[in-house]
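Novice: Okay, handing you the structure first.
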Amino acid sequence: MRSIRKRWTICTISLLLIFYKTKEIARTEEHQETQLIGDGELCLSRSLVNSSDKIIRKAGSTIFQHSVQGWKINSSLVLEIRKNILRFLDAERDVSVVKSSFKPGDVIHYVLDRRRTLNISHNLHSLLPEVSPMKNRRFKTCAVVGNSGILLDSGCGKEIDSHNFVIRCNLAPVVEFAADVGTKSDFITMNPSVVQRAFGGFRNESDREKFVHRLSMLNDSVLWIPAFMVKGGEKHVEWVNALILKNKLQVRTAYPSLRLIHAVRGYWLTNKVPIKRPSTGLLMYTLATRFCDEIHLYGFWPFPKDLNGKAVKYHYYDDLKYRYFSNASPHRMPLEFKTLNVLHNRGALKLTTGKCMKQ
């Protein structure tokens with residue numbers, strides 16, 4: 001009899017704890033959404049910041065249910081966010097260094113490893129743009145396309161391609177996934193590690209031909225290569241530069257300024273979003289606020305399952321695994337997503353995580 005009462009007591013306490021945690025999550029979400037105030041600043045409470053990852057980890061993706069139906073752009077908020085970001089960086093300028101920034105033979109320190117240096121090669125210098133590739137460019141609608149497997153079976157391809165300007169990340173493949181991700185690419189990032197992971201480190205002619213073919217599809221698009229972040233990828237950058245020059249590819253290369261990543265991080269930290277290093281997706285959204293009137297995000301989903309409990313791949317195009325909540329990760333993607341979700345609900349951007357309506 002005593003053991004039965006003990007089990008009932010434990011069960012009752014467990015139910016009360018679940019009820020309390022559910023109420024806590026609801027209150028936290030409600031509080032966060034009321035914190036987007038003056039000057040476009042995203043002011044998150046200290047308690048939310050400190051508990052954010054814990055809450056997200058326990059509740060999973062279920063706390064991020066938002067609707068795209070009835071979504072409306074909040075133009076005044078968009079303008080205030082742009083104005084606030086301009087206090088930290090000017091994307092038109094910081095999106096790339098230009099030829100006049102360096103001369104061949106100059107030695108610079110890596111952005112995230114100041115003890116190590118890089119020599120500006122002749123090939124690299126020859127590919128630096130004369131002026132910013134985003135100078136005086138403005139667009140009504142932009143799509144920033146992440147690489148989450150949430151895009152698979154979304155049917156978002158046509159909607160993505162309908163935007164005036166499409167930004168993609170890490171040279172992700174598009175042709176074989178066109179129905180879900182589209183093919184239009186106006187600005188595409190490429191971490192040096194992509195050379196090894198997706199193109200075999202250019203070990204043979206077939207790998208090099210595959211890479212050249214991929215870049216030839218970009219035509220006059222901007223290829224954004226973060227060449228100055230950390231030591232280790234410099235040989236890949238040089239190989240890429242050499243192939244572009246040898247094959248006379250028409251892609252427009254860009255290499256982010258030495259201050260960009262710290263300026264972007266500074267903006268979010270000042271607005272009480274304690275990121276480590278901004279992910280490529282968050283970085284692209286931050287830059288896009290400078291030249292896009294309306295920003296739509298696709299392929300952003302830093303969780304292993306969707307809202308229905310179905311497994312979601314880290315990348316839509318490969319089987320790479322990622323531990324979203326690992327302290328060893330340089331990013332805090334769930335926290336970034338939580339922030340973007342708040343901005344969606346306030347009309348600053350549109351975040352699509354489900355199926356797209358047929359056009």
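Cβ atoms are placed via backbone N, Cα and C, with glycine included.
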Novice: Which one is it, Cys43, Cys142, Cys156, that Swiss-Prot ties to Cys356 with a disulfide?
Specialist: Cys156
Novice: Can you find which of Asn123, Asn170, Asn327 Swiss-Prot lists as binding CMP-N-acetyl-beta-neuraminate at the same site as Asn147, Ser279, Thr280, Gly281, Trp301?
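Specialist: Checking Asn123, Asn170, Asn327 against Swiss-Prot: the CMP-N-acetyl-beta-neuraminate site match is Asn170.
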Novice: With reference to Swiss-Prot, which of the candidate residues Cys11, Cys292 participates in the disulphide bond with Cys142?
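Specialist: The record-listed partner cysteine is Cys292.
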Novice: Under DSSP, is Asn170 (CMP-N-acetyl-beta-neuraminate binding site) part of a helix or a strand, or is it coil?
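Specialist: Its secondary structure by DSSP: coil.
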Novice: Just give me the nearest neighbour of Asn147 (CMP-N-acetyl-beta-neuraminate binding site) among the recorded positions Asn74, Cys156, Asn204, Asn219, His331, Cα to Cα.
Specialist: Cys156
Novice: Please identify, from the recorded positions Asn74, Asn147, Asn170, Asn204, Ser279, the residue with the sparsest Cβ neighbourhood, meaning fewest other Cβ atoms within 10 angstroms.
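Specialist: Counting other Cβ atoms within 10 Å of each of the recorded positions Asn74, Asn147, Asn170, Asn204, Ser279, the minimum falls on Asn204.
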Novice: Could you work out which of the disulfide-bonded residues (Cys142, Cys156, Cys292, Cys356) has its C-beta surrounded by the smallest number of other C-beta atoms within 10 A?
Specialist: Cys356
Novice: Look at the recorded positions Asn119, Asn219, Thr280 and tell me which residue has the greatest number of other C-beta atoms within 10 angstroms of its C-beta.
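Specialist: Answer returned by the neighbour count: Thr280.
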Novice: Sort the recorded positions Cys142, Cys156, Asn219, Ser279, Thr280 by C-alpha distance from His331 (active site, proton donor/acceptor) and give me just the closest.
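Specialist: Among Cys142, Cys156, Asn219, Ser279, Thr280, Ser279.
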Novice: Using only C-alpha positions, which one of Asn74, Asn119, Cys142, Asn204 is spatially nearest Asn170 (CMP-N-acetyl-beta-neuraminate binding site)? These are the recorded positions in the record.
Specialist: Cys142
